[in-house]
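What follows is a short report on a single structure.
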């Protein structure tokens, strides 16, 4: 019985005290209106949980900053989308997270809404890269 209690308390401590914000592999669909094809590429992004709390009584003198799992460092990679017309730019640049942390969401570079952009899907025929 003591082992079960210890395991329960350890799991609670782990959930409360430790953040599990880390790099994860994702697949995104890339397409351009000028091109006939859509490609799916694998990249890395940040996902997980960060310790946060929402106070019952709001103090206007003290801002309540909710922390979210977001990137600390990001690099950009470029791919060529096939099937583009000769006059069209076939290059597409996308972000790749290289380091994550729990911090304030930067709405200048990130979708900070409760419900994000939704699933990534192709409108055109898909070509695996």
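The backbone N, Cα and C atoms fix where each Cβ goes, glycine too.
Features of the protein shown, as given by Swiss-Prot:
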DISULFID  21-69  disulfide bond
DISULFID  35-84  disulfide bond
DISULFID  38-122  disulfide bond
DISULFID  46-100  disulfide bond
DISULFID  50-102  disulfide bond
DISULFID  105-112  disulfide bond
CARBOHYD  25  N-linked glycosylation site
CARBOHYD  42  N-linked glycosylation site
SIGNAL    1-18  signal peptide
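Shown on the structure are the features that Swiss-Prot records.
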| residue | record | Cβ neighbours (10 Å) |
| --- | --- | --- |
| 21 | disulfide bond | 22 |
| 35 | disulfide bond | 20 |
| 38 | disulfide bond | 20 |
| 69 | disulfide bond | 20 |
| 84 | disulfide bond | 17 |
| 100 | disulfide bond | 23 |
| 102 | disulfide bond | 18 |
| 105 | disulfide bond | 16 |
| 112 | disulfide bond | 14 |
| 122 | disulfide bond | 14 |
Among 21, 38, 42, which are recorded as recorded positions, the nearest neighbour of residue 50 (disulfide bond) by Cα: 21
Cβ atoms near residue 25 (N-linked glycosylation site) (within 10 Å, other residues, all chains): 9
Residue 35 (disulfide bond) and residue 100 (disulfide bond), Cα-Cα, nearest whole angstrom: 33
Nearest of the disulfide-bonded residues (69, 105, 112) to residue 84 (disulfide bond) - Cα to Cα: 112
Per-residue Cβ crowding (10 Å cut-off), top of disulfide-bonded residues 46, 50: 46
Nearest of the recorded positions (25, 46, 102) to residue 38 (disulfide bond), judged by Cα-Cα distance: 25
List of residues, in chain order, with Cβ under 8 A from that of residue 42 (N-linked glycosylation site) and at least 6 apart: 25, 26, 27
Cα-proximity to residue 105 (disulfide bond), 10 Å cut-off, over disulfide-bonded residues 21, 35, 46, 69, 122: 69
Nearest-integer angstrom distance between the alpha carbons (Cα) of residue 102 (disulfide bond) and residue 69 (disulfide bond): 5
10 Å Cα neighbourhood of residue 21 (disulfide bond): matching disulfide-bonded residues from 35, 46, 112, 122: 46
Nearest of the disulfide-bonded residues (35, 69, 112, 122) to residue 46 (disulfide bond), judged by Cα-Cα distance: 69
